[in-house]
Amino acid sequence: MTSKPEQKESPQANGAVVPGDCLASPEPSEFLGPEGSAVEAVVLESRANAKGVREEDALLENGSQSNESDDTSTERGPEPASPLKETSFSIGLQVLFPFLLAGFGTVAAGMVLDIVQHWDVFKYVTEVFILVPALLGLKGNLEMTLASRLSTAANIGQMDTPKELWKMITGNMALIQVQATVVGFLASLAAVVFGWIPDGHFSLAHAVLLCASSVATAFIASLVLGMIMIGVIIGSRKMGINPDNVATPIAASLGDLLTLALLSGISWGLYKELESKAYVNPLVCAFFISLLPIWVILAKRSSATREVLYSGWEPVIIAMAISSVGGLILDRTVSDPNFAGMAVFTPVINGVGGNLVAVQASRISTYLHMSGVPGDSPGTAPRKCPSPCSTFFSSDVNSRSARVLFLLVVPGHLVFLYTIHSMQGGHTTLTLIFILFYMTAALLQVLILLYIADWMVHWMWGRHLDPDNFSIPYLTALGDLIGTGLLALSFHVLWLIGDRDSDVGD
């Protein structure tokens, strides 16, 4: 009887190790059996061994791949979502309808402002004009930030389960009520200060009126718009539409009209009660401020909003101050009868610029969130101030969307100007030179805002700040300031060159 050779192990191509006896040739002595039975048995055994080797190799290969997959899922977690593949046409198609809807909302807001500027409360408490950009800017400070934050959460899968959805809704709704109440109160203080500095006149009754009107308007508008935003984002997600493209413009479309209508109605009603029932204004202000502890407790329960509750005040307060400067420019301009026609165009130019830059900022923020967390440096995140060419003419998706948004400015404003003209709004005739000056101001405003957005979002990301919470308030406030300033400058230039056909200065 022959002795068996020592078993050896042979490495396979897939990395598995197979015992050597599976590969060893049969012993020579086994071929010497009588009547050839041994030969037949060895041949069968050799075929069986070969089949076994093939099957074992396949099982080992599958097992190795399965283990590698399991190890990957254990060590690295789920693969991050890839950036959305969108063409210029698809971006434009998704943005166009919300953009037009938002624009018509700003047109309606402009028509309202053109009417209410002649009411007694706007004539005798002119500081209400200072509140207009600050409170309209709440859609950038609060509602647009909410829309951007929820859009990012929806795109990265943080609102897929009912539990996550409900937690996100309650926390964010409570958060914006806290922010709306505080920002509304601070906006009234800014209006009082900016109104007092030029004239040196202070009225306590008017100050309380401004406080009550501002806080009540901010609270009610944020409550209504917040609920609408949640519905829009959930609905767009179910319909397969990118929420970044539709949520912020819809927030703006309803925000301008609703906020201005509330401000006008509330301030008018409180002004009528000022002489006969002076206690109404302090009671209204105290009521909304007394609700603050409830909203703070609800916002602190959600980890997604707890951080914003503590650290998200700087952008909304600074943005409110910036918008109030734009309000001061509006107050000083429309108070002059020569420039009363500016009132109807101010919400339009500010609203369009803010809507477009908010879409771009939300898209860039979502793109960066898909690559990591704030502070990470994906290959697309510039370290320095980007060049205008990289912002508008590179091949990446964010540059493509910037071009699409910029190209919407002229046709969009032409539609909105025609709508205002058809509704006989304002005190200004649409002459060719007026349209030229207006379009120049609008294009310059959006060009500046899109460039600042590209720099600001990446700059905040590199400093561990979430752009969803920090960038949009600054950008929309800058849009209010730049838009109001450029529009006022255009009206002054038209008045100086004597464009009498447009009725500027009459």
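Note: Cβ is positioned from N, Cα and C throughout, glycine not excepted.
Annotated features in TrEMBL:
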DOMAIN    132-266  domain 'SLC41A/MgtE integral membrane'
DOMAIN    346-489  domain 'SLC41A/MgtE integral membrane'
REGION    1-36  region 'Disordered'
REGION    51-85  region 'Disordered'
TRANSMEM  95-115  transmembrane segment
TRANSMEM  173-197  transmembrane segment
TRANSMEM  203-234  transmembrane segment
TRANSMEM  246-266  transmembrane segment
TRANSMEM  278-298  transmembrane segment
TRANSMEM  310-330  transmembrane segment
TRANSMEM  402-420  transmembrane segment
TRANSMEM  432-452  transmembrane segment
TRANSMEM  472-497  transmembrane segment
Closest-packing stretch to the transmembrane segment (203-234), where packing means Cβ pairs under 8 Å, from 95-115, 173-197, 278-298, 402-420: 173-197
Most Cβ pairs under 8 Å with the transmembrane segment (402-420), selected from 95-115, 278-298, 310-330, 472-497: 95-115
Whether the transmembrane segment (173-197) meets the transmembrane segment (278-298): three or more C-beta pairs under 8 angstroms: yes
Tertiary contacts of the transmembrane segment (278-298) (same chain, 6+ residues out, Cβ under 8 Å): 170-171, 173-175, 177-178, 181-182, 184-185, 205, 208-209, 211-212, 215-216, 219, 270, 309
